[in-house]
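Notes follow once the structure below has been shown.
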Amino acid sequence: MLTVHKMHFSIFLLLWGWILSTECRTHRQGKEIHEVYKKGSRPQRQRREAQGEAHKQGSPILKRSPDITKSPLTKSEQLLRIDDHDFSMRPGFGGPAIPVGVDVQVESLDSISEVDMDFTMTLYLRHYWKDERLSFPSTNNQSMTFDGRLVKKIWVPDMFFVHSKRSFIHDTTTDNVMLRVQPDGKVLYSLRVTVTAMCNMDFSRFPLDTQTCSLEIESYAYTEDDLMLYWKNGNDSLKTDERISLSQFLIQEFHTTTKLAFYSSTGWYNRLYINFTLRRHIFFFLLQTYFPATLMVMLSWVSFWIDRRAVPARVPLGITTVLTMSTIITGVNASMPRVSYIKAVDIYLWVSFVFVFLSVLEYAAVNYLTTVQERKERKLRDKPACACSLPQPRPMMVDGSYNDGDVNELGHFMSEDGDKQDRMMVQLALGSERGSARRKNQRYVSMRIDTHAIDKYSRIIFPGAYILFNLIYWSIFS
């Protein structure tokens, strides 16, 4: 047994020694292979060094320009030496004012609001100045263009829009900001911005008005002693898109001006103005306001040709025209600011309303005078019979047989004013009792029922006065 155990132990030791010797030999061979690969032959080393240099120098596309500004290994901050200067101060601090030129390209006039008295405009705002701290060496005098990330690290003019209510820089798909630097330090700074600014409008001639609005640009911190703001090319600094159009306005003119603004606490500042003149299109208001109002006035005149006793016809006509005019006035004022002065459209609508209202009052006067006249006639008919023994009137019967000679027998039925009467033919059956047989004899006569004099005069006075009003109105405001 002991011999067997010794044999097993000897075999185990032999196996363990063989495994260790094999692993040591493998490890030593691996190191030798690695050293050989690392050292390699001379051609191999030269080939690897050439590949490394080619990798460092980049692809042939990047070798087009020998300019150091185009080198991918040079950072823009290092090339412009941004860390070497304090860009919180303006260029040439302590010296004369730095000139900053401005030009603007108007992309669109988005809206004009009469209620809020403002306008919304989208434009490209560009600034030009020179900052020698940003100069850099260049062999071909080419400029460098950057996006908005570098703008936050250098000095740019602190422009703002005076009297603006809302404004923002477009940020789709990235911030619409561009910075272009030339080797001598000249800078172009451009941004696309939409601004809503106040416009003081005068509605005294609305809707026949012309409005002039302005967008004002100014430096917030730097007075004229530090920053001289000016239009780069005069009036040519303002460019507009020919396709700009508005639904209610015709754009007549764009022009630029420059003025000085004074603040008692801080001093004088250069201020640039973008002025534009807008003339309102009148055709929309002719269709929606003036024509309906005129038609309502003309409709109210129809009652002058309706019989004065037709109360159910004339009263609703007058009330309908009055209510329609009230609706037109309310609709116009709902879309306008609550100004404290009278507008041109208010004059037209309220005068038209007065004409309609007077037509209702005219019928009220006619109806009242007619009632008084009939009351007098009734009293005359109810008096005792005189010596002429006129027969008592009987119920009227419609018939076509009459003669003008019979009218003289009823002369007291004529109108007391003596005017020419419009004749409405009726038959008046007059019966007379003769003798004890009380036989009734009927005579047919004609009776004239007049159209009141007020109606006749109104047919001429109302249209004539309204036409005269229109001539005066359009000659003044057009």
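Yeah, the Cβs are placed from backbone N, Cα and C, and that goes for glycine too.
Feature list (source: TrEMBL):
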- 1-24: signal peptide (SIGNAL)
- 36-68: region 'Disordered' (REGION)
- 46-56: compositional bias 'Basic and acidic residues' (COMPBIAS)
- 82-281: domain 'Neurotransmitter-gated ion-channel ligand-binding' (DOMAIN)
- 282-305: transmembrane segment (TRANSMEM)
- 289-380: domain 'Neurotransmitter-gated ion-channel transmembrane' (DOMAIN)
- 317-335: transmembrane segment (TRANSMEM)
- 347-369: transmembrane segment (TRANSMEM)
- 457-476: transmembrane segment (TRANSMEM)
Counting only residues at least 6 beyond its ends, the same-chain positions whose CB falls under 8 A of a CB in the transmembrane segment (317-335) are 114-115, 289, 292-293, 296-297, 299-300, 302-303, 306, 345-346, 349-350, 352-353, 356-357, 359-360, 363
The average per-residue pLDDT within the domain 'Neurotransmitter-gated ion-channel ligand-binding' (82-281) comes out at 91
The answer for the transmembrane segment (457-476), taking Cβ pairs under 8 Å and residues 6+ beyond its ends, is 294, 297, 301, 304-305, 347-348, 351, 355, 358-359, 362
What DSSP reports for the domain 'Neurotransmitter-gated ion-channel transmembrane' (289-380) is 78 helix, 0 strand, 14 coil
